[in-house]
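Asks: Have a look at this one before I ask anything.
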Amino acid sequence: MDLDQNRVPMSALPDYADPDYFDHGAINKQTSFHRSSPRHSTSHIGSAKSPNNYIFGDIIGDGSYSEVKRATDKRSWKEFAIKVLDKRYIVKENKIKYVNIERDSMMRLNGFPGIARLFHTFQDDLKLYYVLEYAPNGELLQYIKKYRFLNEASVQFYAAEILSSIEFMHSCGIIHRDLKPENILFDHNMHVKITDFGTAKILPPKYANSPESTMFSSSFVGTAEYVAPELLSKQVVSKSSDVWAFACVVFQMITGSPPFHGRDPGVIFRKIMNLEYDLPKHMPIEMVPLFTSIFRLQTFERPSIQELKQFSFFTDISWKDLFFQSPPPLQSFRPNYRHIPVNPLPPTYRSNMTAAAAASAAAAHASASIVRHQPKSVSDQKIKNRKSTSPPAHYGQATLRNNQPSMDLLYSKLFPSNESVLVSSSVLLSLTAPLPEGGKFPSGITKMFLKKKSRVMLLTNMGRCVFVTKGKNDRVLIDAEVSLYDPSVEVRFDDNKSKRFLLNLQTEAWIIEDTSEHVSRLREVISKFKKSDRPSLDPSSHED
Ligand SMILES: Nc1ncnc2c1ncn2[C@@H]1O[C@H](COP(=O)(O)OP(=O)(O)OP(=O)(O)O)[C@@H](O)[C@H]1O
């Protein structure tokens with residue numbers, strides 16, 4: 001890998017290392033919004049720091065254009081989470097705007113206990129670094145996966161913490177736009193820390209106190225399952241779009257799945273626009289109005305956060321000192337089926353919309369069924385549960401270091417000795433439903449909402465197509481793999497975008513976008529495999 005390829009002119013990005021940028025810019029903005037939270041007031045942000053001030057540890061998360069690493073400050077021995085962003089990728093993919101938004105919005109919000117703090121930012125030639133408050137207890141998603149249905153006391157408490165954090169964001173003129181269980185983390189004391197403001201919308205100051213239903217134009221950002229209908233139908237967003245996502249998250253905490261789900265974004269969007277969701281029988285009755293009042297197509301029909309706080313579901317909550325209370329232990333919910341009568345809706349929330357919801361509540365009551373995602377295919381599991389996946393025992397384990405002379409040599413250690421890597425390339429990988437015959441590659445909104453993960457794609461002489469990523473201690477892990485000799489694996493190249501192709505499997509499709517100029521080689525090797533009956537290809541026949 002040629003590291004020089006990654007160099008980006010310093011002038012392409014603002015000077016994050018300049019302490020004045022922070023001291024006189026955003027902190028002034030922040031104080032004007034932030035009068036009411038003295039207890040958590042921000043200390044100095046942005047004093048000149050560099051990667052040398054930290055000892056970097058494991059990767060604790062990755063996103064589409066960043067990696068988050070655990071790091072220890074060499075002087076204070078405090079632990080942080082450092083988000084490392086690749087400048088070359090940011091510039092190439094035109095993401096500079098989002099990088100700035102993340103920094104600016106986090107600085108505005110610094111000091112509120114439910115939001116991860118940003119302490120410093122700095123850069124070197126290749127990367128940008130965001131030093132964040134470390135949330136060691138992981139993502140809400142992992143607890144939902146572990147317990148499937150969370151206990152009512154936890155759902156109530158965490159719903160309250162999330163709601164008050166959203167309320168604070170909104171009072172600072174920030175709409176998050178991507179609230180979901182992956183972006184809700186837990187600190188040492190199991191209090192929430194909301195993160196990932198890369199796609200936030202920063203409102204002009206005069207709109208900080210505007211009503212929740214006020215709409216603003218918006219690009220298509222967010223995650224399909226949590227996106228509000230106004231974004232899909234009108235390309236607008238409002239503070240109440242965050243409230244919609246909040247309801248989706250709470251729903252997922254109690255039922256194990258988001259209310260609107262499906263195998264590809266198109267299906268999910270159709271359900272959202274039709275308000276097509278089911279209330280499972282075990283849903284506590286006090287929660288029902290939360291969903292039926294928030295899942296409305298019109299933003300003005302949804303309750304404000306102030307109104308939501310009065311809902312009976314939150315009766316036991318003491319809002320003032322939430323973040324100083326001891327959270328109830330997270331446990332599995334044991335349904336007692338005392339719930340959901342046929343028409344559970346308080347009169348104030350009855351309308352055409354709620355009639356549909358009441359009907360689905362009644363149907364759920366009658367069938368006692370619980371809405372669940374389709375069982376995930378093996379490959380899907382592998383991709384989503386990357387952290388627990390290691391290469392099969394007979395594979396070697398390789399350590400990924402950027403200065404290693406031959407990455408391919410390193411990757412070859414993942415395979416038995418008679419198998420060699422013919423081509424490796426950095427790609428963006430996304431999963432979607434299988435493409436029907438004659439079906440078009442996802443485009444428009446559907447394409448925008450496909451979740452992309454950076455991976456290295458390897459093709460071996462045995463026809464194996466493997467996606468690898470970095471795991472703990474910089475080990476290379478196989479994330480997903482498929483044999484190109486498998487006749488059920490169909491390859492399609494995108495006629496409109498030469499860098500894009502798709503592996504159509506029986507239960508899902510993997511869309512692959514080459515990001516390192518190796519696409520012609522990938523196409524050549526894949527095509528040969530799909531035409532060939534041979535059990536392996538001679539590596540020499542594929543030399544450039
Ligand atoms: N402060 C933190 N403490 C602990 N873990 C963190 C912290 N910030 C982020 N992470 C982990 O890293 C993951 C990715 O972080 P983040 O969502 O900010 O990246 P991203 O590039 O914006 O991701 P995406 O593309 O998925 O939106 C998080 O889901 C979380 O698991």
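The count begins at 1 with the first shown residue.
Glycine too: its Cβ is placed from the backbone N, Cα and C atoms.
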Asks: For the feature region 'Disordered' as recorded in TrEMBL, pick the matching range from 370-400, 494-524.
Replies: 370-400
Asks: Over the domain 'Protein kinase' (54-314), what does the predicted model average in pLDDT?
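Replies: When the pLDDT values over the domain 'Protein kinase' (54-314) are averaged, the result is 94.
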Asks: Including all protein chains shown, what's the count of other C-beta atoms within 10 A of the C-beta of K92 (ATP binding site)?
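Replies: That number is 12.
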